[in-house]
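Swiss-Prot has this to say about the protein:
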- Gly169, Asp170, Arg171, Gln172, Thr173, Gly174, Lys175, Thr176: ATP binding site (BINDING)
- Ser373: site 'Required for activity' (SITE)
Amino acid sequence: MQLNPTEISELIKKRIASYDAAAQARTEGTVVSLSDGIVRLHGLADVMQGEMIEFPGNTYGLALNLERDSVGAVVLGDYKHIKEGDTARCTGRILEVPVGEALLGRVVNSLGMAVDGKGAIDTSLTSPIEKIAPGVIERQSVDQPVQTGLKAIDAMVPIGRGQRELIIGDRQTGKTAVAVDAIINQKGTGVKCIYVAVGQKASSIANVVTKLEQHGALEHTIIVAATASESAAMQFIAPYAGCAMGEYFRDRGQDALIIYDDLTKQAWAYRQVSLLLRRPPGREAYPGDVFYLHSRLLERASRVNAEYVEKFTNGEVKGKTGSLTALPIIETQAGDVSAFVPTNVISITDGQIFLETDLFNAGIRPAINAGLSVSRVGGAAQTKIIKKLGGGVRLALAQYRELAAFSQFASDLDELTRKQLERGKRVTELMKQGQFSPMSVAEMAFSLFAANEGYLDDVDAKKVVDFEKAMLDFLRSSKTDLLAKINEKGDYNDDIQAGMKAALDEFKAKHSW
């Protein structure tokens, strides 16, 4: 092949003409000190709060403290190779994580990188972890239910799509169990779930993943794992990363449910980072902005209107509202709900489910305290039939707890009080429910109907659970049409009432338990 010198010179001239020698304006700084994952940098003049900083070895950090002559940053990930004198660069970007359908069924870390050994995640979409929550005009009121499948919650403290409902209690009271049951019950409803595990043992997270897989719920769930062995910075950003993944679905007119398990450990991680950054400590040694830490996270859980979704998707999705429902978990110490972080989160959320150690140890599981648990906005979202039938249950339980305490001292009780006590005993038994056994709306309605209409009055309190099991088996085998009808509409009228009464009369006449 003959090379023509003129062709070569022409090619070189063309390349020189098209070469762009624009200088890249990137501020560089120097690592002054490094300890406990906190880096002090000198020379980064125009760095922004929350900006990503690039270190050698493809490692990134987050600028948190902007001081007069230095910048305090936390390193995200391993920092053993970083040393004093190393160069650090501004990136001009804030931290973003991968989002999208590709993450469903996967376990990722706080940066959205796969940690489940199933290979890289195939998504090109990213979203910043910090976002401003939708404003008042962009929101819509909460009026659609999130069914957890737990009688005690759906009847007494209903949760609506776009609500923030706190699950609070001491350690080992079944907080995670309630959250996992809620995820399992979303199977087939189209609600996408995100489970954010902060500061937990890797074995506990693996157990949750296994349980979700066994019940076919992993395929609609993203698990964000920031284990106890990871740095405080990774634990601190995990809930924000999970929230960004949930917002992807909300902003596209879908419904998502996010569980933060738990925000106490996130507050501990943030306290650790703040103290290492030499920020002044306040109450319980937390920094001054620990309320803002949780409020800016939980305000992002909302129900957005159809105009917002249409605008966000550039008209691709029309007439659909989106929602992100949050179930934050807070762990209390010896039932003290008046500590700093619990009171903060109670004031931010739209209600709380209070789990009690004494009830849990007495075998009442889920161990929900009916008197202290409340849902401030869920009532408007509750299914009609459950709202109608469940109204008396909460009252019966609250009265029963009061009377039970009083009756220990009184020997002769009048007939009315004795009846209330007997009914309360049976309703308490009825509210018991095993883990991984969520109930449909119709099944729940039958249980509540049986309690309200006196079908349990002649059943021994110890046999109530057996009665319910036998009743549900009978309904599932011979009354499938009625169950389907109730599940489809959720209405409560004379026709439905007559059908339920006839079904229960038939069951009591022909079956034993």
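Positions of Cβ are set from backbone N, Cα and C atoms, glycine also.
Overlay of Swiss-Prot feature records on the structure.
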residue: Gly169; record: ATP binding site; Cβ neighbours (10 Å): 27
residue: Asp170; record: ATP binding site; Cβ neighbours (10 Å): 18
residue: Arg171; record: ATP binding site; Cβ neighbours (10 Å): 11
residue: Gln172; record: ATP binding site; Cβ neighbours (10 Å): 12
residue: Thr173; record: ATP binding site; Cβ neighbours (10 Å): 26
residue: Gly174; record: ATP binding site; Cβ neighbours (10 Å): 19
residue: Lys175; record: ATP binding site; Cβ neighbours (10 Å): 24
residue: Thr176; record: ATP binding site; Cβ neighbours (10 Å): 21
residue: Ser373; record: site 'Required for activity'; Cβ neighbours (10 Å): 22
Any further residue of that chain within 8 Å (Cβ to the Cβ centroid of Gly169, Asp170, Arg171, Gln172, Thr173, Gly174, Lys175, Thr176) of the recorded ATP site: Glu331, Leu355, Thr357, Phe360, Ala367
Between Lys175 (ATP binding site) and Ser373 (site 'Required for activity'), the C-alpha gap once rounded to whole angstrom: 14
Inter-residue Cα distance where the pair is Ser373 (site 'Required for activity') and Thr173 (ATP binding site), in Å: 15
Cα-to-Cα gap, Gly169 (ATP binding site) vs Ser373 (site 'Required for activity'), nearest whole Å: 11
Distance, Ser373 (site 'Required for activity') to Asp170 (ATP binding site) (CA atoms, angstrom): 15
Spatial separation of Ser373 (site 'Required for activity') from Thr176 (ATP binding site) - C-alpha basis, Å: 17
